[in-house]
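Heads up: the structure comes next, in structure tokens.
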Amino acid sequence: MPELPEVETIVRSLEKHLSGLVITSVDLFKPEVIRTPRVDIFTDQIVGRQFQKKLGRRGKYLLLHMSDGLTLVIHLRMTGRLIYCDADLPLEKHTHVIFHLDNGKQLRFADVRRFGRMSLVPTREVPHLPGIKEMGPEPLDTAFSREYLKKELRRRRTRIKSLLLDQCFVAGLGNIYADEALHEAKIHPERLAPDLTSREASGLHKAIIEVISSGIKHRGTTFRDYVDGEGRSGSYQHQLKVYNREGLPCPHCGKPIQRIKVAGRSSYYCSSCQKAK
């Protein structure tokens, strides 16, 4: 699933192309992709709308702001792609929506797993949408402070890996960047959140910011499905220390990376650097 760095990269790559363009028509091959409003209303409302200069993101949601106070809200889920391209580019097999633009180009939404969803809503309602209104702070915002992190760790008696995946705690983290942050902070993924020391919490806070920033710098992580809004792969997969590296040597100590299940999710870690305690 695209996480914060991937979604941020998509937003930035689309922003430079979509600004000022108008949607002239829509091809909708999978109506179930549209969450709200009703499909016929969605099509009627979005045709003729112009993309604003500044697009946005909240957690893993893309926010494509449009004229007349509307925003196209998109969650890519596991395998969604949103690509700006030439109209004559061969169609991907799992293309579900095509937005035709007034410069002759297209914005295409494709999704192999078919879990991705989009909604067209008044911009003022975006902060109140289910899935967004409950979100915690963005990891690169000042609201995600060391003090916030330490306070939340004390009051949530759950495994730290599970907590990092909770979007109500911090927005945008997923399996990849949670594992990388825990490794950087030398914290075992099964440690209980309130058991972390003040020093460990500070180290985790720093690690989260560093891995997210690095993920954005390298334009996200590509294994199979993820590409940005121009169809380009990311490169953060070449920077990974533990994620998806089971059996390979830890770059810090040389011990083999291990994989365990935490809350039903695969977690990669180094048993030497990240002690269970």
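Including glycine, each Cβ sits where the backbone N, Cα and C put it.
Cβ contacts within 10 Å of Pro2 (active site, schiff-base intermediate with DNA), excluding its own Cβ and spanning all protein chains shown: 30. Annotation source Swiss-Prot lists active site, schiff-base intermediate with DNA at Pro2, citing sequence analysis.
Annotated active site, proton donor per Swiss-Prot: Glu3 (among others), in sequence order, evidence recorded as sequence analysis. For Glu3 (active site, proton donor), the Cβ neighbour count at a 10 Å cut-off comes to 21, with all displayed protein chains included.
In the three-state DSSP scheme, Lys60 (active site, proton donor) falls into the coil class. On its own chain, Lys60 (active site, proton donor) has Met1, Pro2, Glu3, Leu4, Val7, His75, Leu76, Gln167, Ala171, Gly172, Gly174 as residues at least 6 apart in sequence with a Cβ closer than 8 Å to its own Cβ. The active site, proton donor annotation in Swiss-Prot covers Lys60 (among others) and is backed by sequence analysis.
Swiss-Prot lists Arg265 (among others) with the feature active site, proton donor, giving sequence analysis as the kind of evidence. If you draw a 10 Å sphere around the CB of Arg265 (active site, proton donor), it holds 15 other CB atoms from the protein chains shown.
What Swiss-Prot records for His94, Arg113, Arg156 is DNA binding site. If you draw a 10 Å sphere around the CB of Arg156 (DNA binding site), it holds 17 other CB atoms from the protein chains shown. Following the DSSP three-state reduction, the secondary structure of Arg156 (DNA binding site) is coil.
If you look up Swiss-Prot, you'll see 241-275 marked as zinc finger, on the strength of sequence analysis. Per-residue pLDDT, averaged along the zinc finger (241-275), amounts to 97 for this model.
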How long is the line from the C-alpha of Arg113 (DNA binding site) to the C-alpha of Arg265 (active site, proton donor), rounded to the nearest angstrom? 18
Between all pairs in His94, Arg113, Arg156 (listed as DNA binders), what's the biggest Cα distance, rounded to the nearest Å? 40
Do you know which of the binding-site residues His94, Arg113 has the most other C-beta atoms within 10 angstroms of its C-beta? His94
